[in-house]
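**Q** Please see the structure below; I have some questions.
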Amino acid sequence: MLNYMERSKHQQFPFHLVNPSPWPIVVSFSLLSLALSLGLTMHGYIGEMYLVNLALLVVLGSGVLWFRDIIAEATYLGDHTAAVRKGINIGFLLFVLSEVLIFSALFWSYFHSAMSPDVTLGACWPPVGITAVQPTELPLLNTIILLASGATVTYSHHALIQGNRKNSLSGLLITTWLIIIFVICQYIEYTNATFTISDGVYGSVFFAGTGLHFLHMVMLAIMLAVCYWRLRNYHLTNSHHVGYETTIIYLHVLDVIWLFLYIVFYWWGV
């Protein structure tokens, strides 16, 4: 608050002028190195995974340090005014829109192949030789888990707004564990699948769609864990919890995307 009061003597607008930071360029180059190492490894130019693992470690490390600075600016320096929070919300909604468009392209690809399978696929869908994952097994359990997580995170959010910190923490902890269980179940499904991403168009589009959602769920689990840590350490209040609100929106969007994945990829596609 002192920082905000001192700054108001010299700054006549509510926006946050970010100090020079190395993290945007570091994250950009680390993502570039991750993409290059993945491409080279998948095409056989690199026989080991050490470059991929190193690039992934740099991406995660630089991302953690970047978000550490953002949390410090929001919690300790008072840089996130109402105008800044509004800008963050708009930016996050645009990010959600971009994610919806990415998944729309994957659904389009799936329908393109599934609704008119040619002779190379055996003129049927799933293609000849592919044993699809049964929708009444792990996918159904994952659907129930995600719907339950949406209920528990809403309970936690309302408890936080009402100032009930204990119930908010409990709901958030349950939500975090539900998402972790979802990730574990999805991993078990992948390891027990009878086909891989290399098995034609079906394997490619199936693992592209569900795998992208899986990666987002891993990110969501990390975001929920960070929100839980911040809530325990009194970083969030009933009127100022932008990070938690955006995480909740992210969770609900992924819930809806999973419902479409379950209906199309698992149920209709079988």
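Heads up, the Cβ atoms here are built off N, Cα and C, so glycines get one too.
Pasting the relevant annotations from Swiss-Prot:
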| type | residues | note |
| --- | --- | --- |
| TRANSMEM | 22-42 | transmembrane segment |
| TRANSMEM | 46-66 | transmembrane segment |
| TRANSMEM | 88-108 | transmembrane segment |
| TRANSMEM | 128-148 | transmembrane segment |
| TRANSMEM | 168-188 | transmembrane segment |
| TRANSMEM | 205-225 | transmembrane segment |
| TRANSMEM | 248-268 | transmembrane segment |
**Q** Looking only at the recorded stretches 22-42, 46-66, 88-108, 128-148, 248-268, which one has the largest tally of CB-CB distances under 8 Å to the transmembrane segment (168-188)?
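**A** Top-ranked stretch among 22-42, 46-66, 88-108, 128-148, 248-268: 128-148.
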**Q** Quick one: find which recorded stretch in 46-66, 128-148, 248-268 has the most Cβ pairs under 8 Å with the transmembrane segment (88-108).
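**A** Answer is 248-268, with the largest number of Cβ pairs below 8 Å.
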**Q** Excluding the flanking five residues on each side, which residues at least 6 beyond the ends of the transmembrane segment (46-66) place their CB within less than 8 Å of a CB in that stretch?
**A** 21, 23-24, 26-27, 30-31, 33-34, 37-38, 40
**Q** Same chain, outside the transmembrane segment (248-268) by at least 6, Cβ under 8 Å from its Cβ: which residues?
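**A** Long-range Cβ neighbours of the transmembrane segment (248-268): 92-93, 96, 99-100, 103, 107, 110-111, 132-135, 139-140, 142-143, 146-147, 149-150, 153-154, 157, 175, 179, 206, 209-210, 213, 216-217, 220, 223-224.
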